[in-house]
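My questions all concern the structure below.
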């Protein structure tokens with residue numbers, strides 16, 4: 001038996017066991033691409049092997065119990081290392097994990113292994129998980145999004161254009177009745193959705209049950225008047241899973257179409273539970289990514305948002321915030337389009353120019369609609385329509401409620417701008433080049449749009465993104 005072979009105690013280099021450049025990856029392996037910045041004097045192979053070891057079966061010394069199992073079957077393997085272009089002493093280490101290391105249907109367990117203790121490892125100056133390849137053998141153990149893009153369109157009876165939303169502001173401090181009034185005005189004016197802000201849960205100035213009631217009243221009234229299906233993302237995020245489900249149950253009893261969750265602050269376990277409830281009860285699920293920038297904004301350490309996006313698609317959500325490219329929040333265009341495709345499409349080819357390290361095959365898992373939100377207004381509409389296409393939600397908070405004439409005219413301005421852009425695109429016009437002209441033409445017959453154009457004509461948020469794709473300098 002293995003255990004009787006004689007056990008050699010002591011510390012040995014990780015690379016002797018965990019660096020295997022000849023390894024051929026299996027179709028069932030979970031593959032990870034890490035950006036590794038070793039401490040001075042640590043060779044890249046040792047650093048890459050250390051990552052593979054610490055995120056799978058290894059520990060800092062040889063242990064007697066290694067003899068009781070088959071390390072070859074269970075260990076993570078660093079199978080390829082390449083230097084990062086334009087950076088000194090920085091490498092992409094590719095690690096393959098056998099599928100048996102992970103519990104089925106648990107994003108929580110997957111992340112505990114892959115991005116657990118290893119990120120505090122002393123031999124590395126910094127470590128960032130850039131991408132994951134999730135094999136169908138694993139993704140099939142997840143239910144994924146409660147409904148998906150096509151089911152959502154069918155439920156809402158809205159086709160051939162992006163959907164429009166609005167976050168109700170001021171996000172904290174309104175009473176439930178006034179909050180509901182703002183929802184009604186926006187929906188009545190032509191938006192498809194209004195939204196609870198991510199930090200609206202159940203505070204002293206507005207308890208959740210009151211808000212749910214007044215928002216439901218608002219959307220039914222707007223629905224009756226416009227003949228269109230309306231929704232309000234009721235934020236069910238709570239301090240405990242039980243309380244969260246209680247809120248979702250009440251939303252279902254009110255008959256509303258959609259609820260919302262903050263998936264990173266709420267946690268993947270809670271999120272997956274809520275997604276299962278939503279699927280079983282016909283509720284759409286809108287996901288906000290509050291806290292993501294803590295994890296994904298630094299280029300050299302943490303985890304890229306494309307990994308958080310893949311994890312959300314597995315855990316379950318029908319919408320997720322995904323940057324705007326043009327507004328006030330972080331997001332480089334090619335990189336953003338890369339993870340937008342990872343959210344929506346069935347099959348995404350490896351493409352390093354868009355930050356996609358692996359070909360990802362989701363097989364039949366439903367897609368997630370990306371939400372563009374944050375500092376956008378009517379002048380951005382042509383760019384947003386062109387960048388995100390029809391399967392998206394464009395959310396204008398200040399860009400609706402900041403209209404000089406009030407909320408309903410703000411909603412009218414956004415809807416007119418969107419319909420004008422969609423029509424122009426369908427007629428074959430170039431939105432990137434003629435965008436401003438299209439908006440100007442539409443504003444001639446829409447006084448609401450003209451007023452919006454006037455007030456935001458010079459607003460831009462021009463900063464270089466912190467997290468960029470690697471290119472030769």
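Just so it is clear, glycine is given a Cβ too, placed from its N, Cα and C backbone atoms.
So Swiss-Prot says this about it:
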MOD_RES   8  N6,N6,N6-trimethyllysine
BINDING   117, 167, 171, 289, 321, 373  substrate binding site
ACT_SITE  169  active site, proton acceptor
MOD_RES   195  N6-carboxylysine
BINDING   195, 197, 198  Mg(2+) binding site
ACT_SITE  288  active site, proton acceptor
SITE      328  site 'Transition state stabilizer'
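Buried or exposed, and what's around them? Tell me for each listed feature.
Residue environment of residue 8 (N6,N6,N6-trimethyllysine) contains 7 other Cβ atoms, counted within 10 Å of its Cβ in all protein chains. A coil conformation is recorded for residue 8 (N6,N6,N6-trimethyllysine) in the three-state DSSP classification, outside any helix or strand.
Listed in sequence order, the residues of the same chain lying 6 or more apart from residue 289 (substrate binding site) and placing their CB within less than 8 Å of its CB are 262, 263, 264, 305, 308, 312, 320, 321.
DSSP assigns residue 169 (active site, proton acceptor) to coil, not to a helix or a strand. Counting only same-chain residues six or more apart in sequence, the Cβ atoms lying under 8 angstroms from the Cβ of residue 169 (active site, proton acceptor) belong to 197, 397, 398, 401.
For residue 195 (N6-carboxylysine), applying a Cβ distance below 8 Å and a minimum sequence separation of six or more within one chain yields 165, 166, 167, 168, 232, 233, 260, 286, 395, 397.
All protein chains included, residue 197 (Mg(2+) binding site) registers 18 other Cβ atoms within 10 Å of its own Cβ.
There are 28 other Cβ atoms within 10 Å of the Cβ belonging to residue 288 (active site, proton acceptor). DSSP classifies residue 288 (active site, proton acceptor) as strand under the three-state reduction.
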Quick check on the binding-site residues: of 117, 167, 373, whose CB has the lowest count of neighbouring CB atoms inside 10 Å?
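The binding-site residues 117, 167, 373 were compared, and 117 has the fewest Cβ atoms within 10 Å.
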When the Cα of residue 288 (active site, proton acceptor) is compared with the Cα of each of the recorded positions 8, 117, 373, which one is closest?
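Nearest candidate: 373.
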Between the two most separated Cα atoms in 117, 167, 171, 289, 321, 373, the residues recorded as binding substrate, what distance in Å do you get?
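Roughly 37 Å, rounded to the nearest whole number.
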Which one, from the binding-site residues 171, 321, has the smallest tally of other C-beta atoms lying within 10 Å of its C-beta?
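Fewest other Cβ atoms within 10 Å, among the binding-site residues 171, 321, is found for 171.
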If I take the Cα of residue 8 (N6,N6,N6-trimethyllysine) as reference, which of the binding-site residues 117, 171, 198, 373 has the closest Cα?
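Its closest listed neighbour, by Cα, is 117.
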For residue 321 (substrate binding site), which of the three DSSP-derived states applies: helix, strand, or coil?
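DSSP call for residue 321 (substrate binding site): strand.
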